[in-house]
Amino acid sequence: VKKVLLLIIDWSNIKYMARTRDEQKYQQSRESLLMVGQELFLNSSFNCVGLNDILKESGIPKGSFYHYFDSKEDFGLQVIEFYHRQNSEAMAELLADESLTAYQQLKAFYQNAINRFDDIGYCQGCLMSNLSQEVADVNENFRCKISELSKQIVDQVSACLERMEDNELNLGHLRSCEAAQILMNSWQGAMMKMKLEKSREPLDVFMKFFFIH
């Protein structure tokens, strides 16, 4: 009886480990596809990137794509979530750095983004901003998703502003939630101008206006 029980337990463990490996492989493959989509959409646009482009870049067959996503639209929505999660986690990590003041934390967040644009030649911008201009008027699912996630970023910025000293940022006459919206709107505009001019100057102007210390 003990041998039978041991065999049953061992077989259960084997099945559990196999299932865990399959789930890990599934998540890794899915994330690889999302990374491919993110780069393709940033370097082109949602409408200009076809399914064949995604398949070619990722190296997976067409049938496998639908194992992970219901449609190209579903894929696009998941790419937005993936992109937002990376940015939100990066911001959360920086805003938790107790070696910096709240002012320094927020300034460092934007400066890190500028450094990245220096490295890639002042292109791409923000995926959510790009897609909002491209598809928000014609696709309600995209509009709602981008709006929802944008508000989450604004909330993170607002929480940081709440911890700042009065008049530390050049928006001291506004409530933190209003100041956060102004910051994010201005940053989106600065990135758009950056792409047009292929220059960091619009980003520097943004920093000089808001971060005066």
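Numbers here mean position along the shown chain, with the first residue as 1.
Glycine too: its Cβ is placed from the backbone N, Cα and C atoms.
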Can you dig out which of the ranges 50-69, 110-129, 170-189, 190-209 TrEMBL describes as DNA-binding region? 50-69
With DSSP as the reference, give the number of residues of the domain 'HTH tetR-type' (27-87) in helix, strand and coil. 48 helix, 0 strand, 13 coil
